[in-house]
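Asker: The structure that follows is given in the form of structure tokens.
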Amino acid sequence: MAKYTREDIEKLVKEENVKYIRLQFTDILGTIKNVEIPVSQLGKALDNKVMFDGSSIEGFVRIEESDMYLYPDLNTFVIFPWTAEKGKVARFICDIYNPDGTPFEGDPRNNLKRILKEMEDLGFSDFNLGPEPEFFLFKLDEKGEPTLELNDKGGYFDLAPTDLGENCRRDIVLELEEMGFEIEASHHEVAPGQHEIDFKYAGAVRSCDDIQTFKLVVKTIARKHGLHATFMPKPLFGVNGSGMHCNLSLFKNGVNAFFDENADLQLSETAKHFIAGIVKHATSFTAVTNPTVNSYKRLVPGYEAPCYVAWSAQNRSPLIRIPASRGISTRVEVRSVDPAANPYLALSVLLAAGLDGIKNKLEAPAPIDRNIYVMSKEERMENGIVDLPATLAEALEEFKSNEVMVKALGEHLFEHFIEAKEIEWDMFRTQVHPWEREQYMSQY
């Protein structure tokens, strides 16, 4: 049931002096886009009559089929806490529809709903996500452009005066709470200038909406503090990168399908099949969960990011960890995902991988309770531990050869995603980087 009715929204915008409405959506690369309308056009928006040119959006449609419609999700209505000069701004997150009234297959949000329908057909009622997005704060220069100077030199769980981002982080939390977020914790992360704010899990679509809103709020409030917030996975060499650990759980009629108090580790057969599916498809879905050239600079040994496909209930070196909580809180934590990922697409491939394990009753390998980082290559091979792709190019090749993952995106999204990412890789591959000049200019 919607949090607001149409009548509630029309009343609120008058009472709160809302002057503009943002109709937001997400493109294939995970970038937030919007069409902004004056409040006088609210009725038109609520009638699903607002059009936009889909050919101008990365991965949408060709110019000869460009008309698309924005259908606002009333559940996502919120008034931004910060006020513009001429009045308040509210927003809806929208689904994209074709002119004939059918969902647009290139809309990442619609795609996640399609995979959730497949989940429901298997008898499950809910798929929850608890994300842990990390970000860096850099100083701005006098022109308002980002610099490479970090805001502080703090470390894990530091506090002021070492943690100079504390006030900015607090303001972000307050703004998020005003927008309906339930914030569980916030703290300084391992690297200098790195931060994490954890918010409560929610259903799959709502949680992905929250991730997109979170990124927008973090960047907006950081700029008010003279800072630039980035969710780039590895902005600096020699320090930890930013991840977005994803805590996943399946429910059946209000009961956590991953929990069985009488089973080994109190993990149900459903949970073990789900883990097996994640393990089987990990090297393929990495192209979506870690979608940039820079993502693979994070997935290297020594910086607490997973490089190897394994699972454990005890240690944090594998791809998959099972946190200690049980009962309704039983969950599978996938640790490779980074915050550059399009959350709707990332969750689509993660759910599809897990469901494939459940449908085919795949057997999970034995858990690995040793520190994988110190194991030799031979030891890893003996234990059936494979490496995650080392580059975006490797990840794309793995992805293209996996039928389950291709179907998880659907033909339209798959083709446009691959096209965009192969162009990105080729641009990187042919670029001459500063390291090369430093290494070779004098030597040769």
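Backbone N, Cα and C atoms are what each Cβ position is placed from, and that goes for glycine too.
Note that the structure is a prediction, hence the values are computed from the model and not measured.
Quick paste of what Swiss-Prot says about this protein:
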- GLU132, HIS245, GLU333: Mg(2+) 1 binding site (BINDING)
- GLU134, GLU189, GLU196: Mg(2+) 2 binding site (BINDING)
- GLU184, SER249, ARG316, ARG321: ATP binding site (BINDING)
- ASN240, GLY241, ARG298, GLU304, ARG316, ARG335: L-glutamate binding site (BINDING)
- 16-101: domain 'GS beta-grasp' (DOMAIN)
- 108-444: domain 'GS catalytic' (DOMAIN)
- ARG62: site 'Important for inhibition by glutamine' (SITE)
Asker: What's the number of neighbouring CB atoms sitting within 10 A of the CB on GLY241 (L-glutamate binding site)?
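Answerer: Within a 10 Å radius of the Cβ of GLY241 (L-glutamate binding site) lie 27 other Cβ atoms.
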Asker: Taking the recorded Mg(2+) 2 site as GLU134, GLU189, GLU196, identify the other residues of that chain whose CB atom sits within 8 Å of the mean position of the site's CB atoms, giving them in sequence order.
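Answerer: Not counting the recorded site residues, we get GLU132, PRO133, PHE135, HIS187, HIS188, VAL190, GLN194, HIS195, ILE197, SER242, GLY243.
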Asker: Reduced to three states, what secondary structure does DSSP give GLU134 (Mg(2+) 2 binding site)?
Answerer: strand
Asker: Given the binding-site residues GLU132, GLU196, ARG316, GLU333, which lie close to GLU304 (L-glutamate binding site), meaning Cα to Cα within 10 A?
Answerer: ARG316
Asker: Pop the Cα-Cα gap between GLY241 (L-glutamate binding site) and GLU134 (Mg(2+) 2 binding site) into the table, whole Å please.
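Answerer: On Cα coordinates alone, these residues lie 9 Å apart.
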Asker: Going by C-alpha distance, which of the binding-site residues GLU189, ASN240, ARG321 is nearest to GLU333 (Mg(2+) 1 binding site)?
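Answerer: Minimum Cα distance from GLU333 (Mg(2+) 1 binding site) across GLU189, ASN240, ARG321 lands on ARG321.
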Asker: Cα within 10 Å of GLU196 (Mg(2+) 2 binding site): which of the binding-site residues GLU132, GLY241, ARG298, ARG316 qualify?
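Answerer: Cα filter at 10 Å returns GLU132.
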Asker: In the domain 'GS beta-grasp' (16-101), how many residues does DSSP call helix, how many strand, and how many coil?
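Answerer: Residue counts for the domain 'GS beta-grasp' (16-101) by secondary structure: 14 helix, 45 strand, 27 coil.
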Asker: Tell me, in order along the sequence, which binding-site residues from GLU132, SER249, ARG316, ARG321 have their CA within 10 Å of ASN240 (L-glutamate binding site).
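Answerer: Within 10 Å Cα-Cα: none.
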Asker: Using C-alpha positions only, work out which of the binding-site residues GLU132, HIS245, SER249, ARG321, ARG335 is nearest to GLU189 (Mg(2+) 2 binding site).
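Answerer: Its closest listed neighbour, by Cα, is GLU132.
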Asker: Using an 8 Å cut-off from the Cβ centroid of ASN240, GLY241, ARG298, GLU304, ARG316, ARG335, can you name the remaining same-chain residues around the L-glutamate site, in sequence order?
Answerer: GLY243, TYR303, ALA305, PRO306
Asker: Measure from the Cα of ARG298 (L-glutamate binding site) to the Cα of every one of the binding-site residues GLU132, HIS245, SER249, ARG316, ARG321, then give the nearest.
Answerer: HIS245
Asker: Based on Cα distances to GLY241 (L-glutamate binding site), point out the closest of the binding-site residues SER249, ARG316, ARG321.
Answerer: ARG316
Asker: Specify the nearest of the binding-site residues GLU184, ARG321, ARG335 to HIS245 (Mg(2+) 1 binding site), where nearness means the distance between Cα atoms.
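Answerer: For HIS245 (Mg(2+) 1 binding site), the closest Cα among GLU184, ARG321, ARG335 is found at ARG335.
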Asker: Please identify, from the binding-site residues GLU134, GLU189, GLU304, the residue with the sparsest Cβ neighbourhood, meaning fewest other Cβ atoms within 10 angstroms.
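Answerer: With the binding-site residues GLU134, GLU189, GLU304, fewest surrounding Cβ atoms within 10 Å: GLU304.
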